[in-house]
Amino acid sequence: MPVLPRPGRAGAGPAAADPMDELAGRLDAFVAAAVHPDEIAAVLESDGMTDEYIRLTYGRPDSFTLAEELYHRVPRSFPEPDALPDPWKVSLTACLLRGLIFALPGLAYLLGEPLLEGPPDRLGLPAGTLTLLAGALIGWVWDQTLSHRAYSWLGLGDRAAAGRTLLVGAPVGALLGTAAAFAVPGGPPFSYAFAAGQALYVGAATVLLVLRREQLLLTALAPMAAGSVLALFTDPPVPVRVALLLVSLTAACALALRELPLADGVRAAVRRIRDRTQRHPGEGGAVRWRMLRGAEEDHTRRGPRIGDSVPYGVFGLGTGLLVLYAALGEVLTGGPAEAVAAPSAVALTLSMGPAEWLLHRFRSGSLAGLRAARSPRAFRRRMLTTLAGCLAAYLAVLLLLGTAGTLLWPHAPGLTWVRVTTLLLLGTVMWTGLLLQSFGAVRPAAVVCA
């Protein structure tokens, strides 16, 4: 049994070390970080220290008394937690690539412009504009809804179900976009063919973007983009223009088909049809006894509800209309056809890449503020500062893109103060809507954009 330390006699050598000092030094880090003596008492008891051992060794009656003395003896010191990985850190290059992919298809209109010549549309817009807009908006709404449903399956870890969703949904969206374009009369003949190709491209691009194949899509767009740049300085013949458009469209569709589970989709469709055509015992009777056999019934896995994806389509419609208003707002309010501000629409589309990156920066900054703040007010102040900084950075990028586009776009209307204000207000609304959507508040986001 250990004995209680006693004071040493004079001249007998150095005094024995105080056991309390030794214990405090051994448990210094833990005791300093404790917020209550009971935490220290629990550690002492878990270390096997009984009350009898504590009385004999440290001269205290029990573990709680010893813990309280240690708590008051060691100064409080709360070490900072280890740095955690930032879950919102994303690559700026990847976001810029996505923004470029969103904007590059707009060059197809520049390449096909000579084929869309004709009398102005009913609203005074350039020939074929209404035809192309109808197909683009319907296709955009459908594919935004489809994208969310496919992403939901991916979030559940079922990539096969996401592939089947895209396999069925992308062709349906292409048909809807084409039908909407053909429902608008009076467009040039080529506008309907262009709208059909546009609908096919949107479906293929949706597949590749959802499955994270941005680089493949960029490769498919390369011939069309190169031809559009060439068209700024020369006048390629019509067959060359059509060939470049078809090459990019065919490449995008082929790459999308390669990523889709065609064989699995066919087998799943056959299996579903066979299950529906087979009759099960008890069906059609007066009592649906199969519903009472819950333990024996085979239950299929429930996936995401279709209704949860609809608000994302409405949000897509709102953002699409905002982009169109940036380009055609003055014409729709009675201005001349020459007032079409295509550079503003291109700037909004290109800015989606930086917008995505800044959204992640805001989430990252808010998380850092939550860890560093010592009060709700401090966190709120830091969060609002981060929000204002990210929004200001986005608007600066948008203004830079709009100015550069106006200077480079042939025959573009000047960027007046009214147009600058309109562009920045539209950018604020779109970025705020995207921010709400990133938090899952898609219905308020749709209202904001509407």
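Even glycines carry a Cβ here, placed using N, Cα and C.
Whatever TrEMBL says is automated annotation, not expert-curated.
Segment annotation: TrEMBL labels transmembrane segment over residues 123-142 (candidates 123-142, 143-162).
In this chain, the transmembrane segment (216-234) lies in contact with the transmembrane segment (90-111); the count of Cβ pairs under 8 Å, excluding pairs fewer than 6 apart in sequence, is at least 3. Beyond the transmembrane segment (163-184), the same-chain residues lying 6 or more positions past its ends with a Cβ under 8 Å from any Cβ of the stretch are 130-132, 134-139, 142-143, 146, 149-150, 153, 191-192, 195-196, 198-200, 202-204, 206-207, 210-211, 256, 259-262, 264-265, 268. Counting only same-chain residues 6+ beyond the ends of the transmembrane segment (240-257), those with a CB under 8 A from a CB of the stretch are 108, 111-112, 114-115, 170, 197, 200-201, 203-205, 207-208, 213, 216-217, 219-227, 231. Below 8 angstroms of C-beta separation, residues 315, 318-319, 322, 325-326, 329, 341, 343-344, 347-348, 351, 355-356, 358-359, 362, 391, 394-395, 398-399, 402-403, 406, 442, 444-446, 448-449 of the same chain, each at least six residues beyond the ends of the transmembrane segment (415-436), sit close to that stretch. When Cβ-Cβ distances below 8 Å are used as the criterion, the transmembrane segment (310-328) is approached by residues 125, 129, 133, 136-137, 140-145, 147-148, 340-342, 344-345, 347-349, 422-423, 426, 429-430, 433, 437, 442-443, 445-446, 448-450 of the same chain, each at least six residues removed from its ends. The list of residues near the transmembrane segment (190-211) in space but at least 6 beyond its ends in sequence, with Cβ under 8 angstroms from a Cβ of it, reads 98, 101, 105, 108, 112, 115-116, 127-128, 131-132, 134-136, 139-140, 143, 146-147, 150-151, 154, 162-163, 166, 170-171, 173-178, 181-182, 217, 220, 245-246, 248-249, 252-253, 255-256, 259-260.
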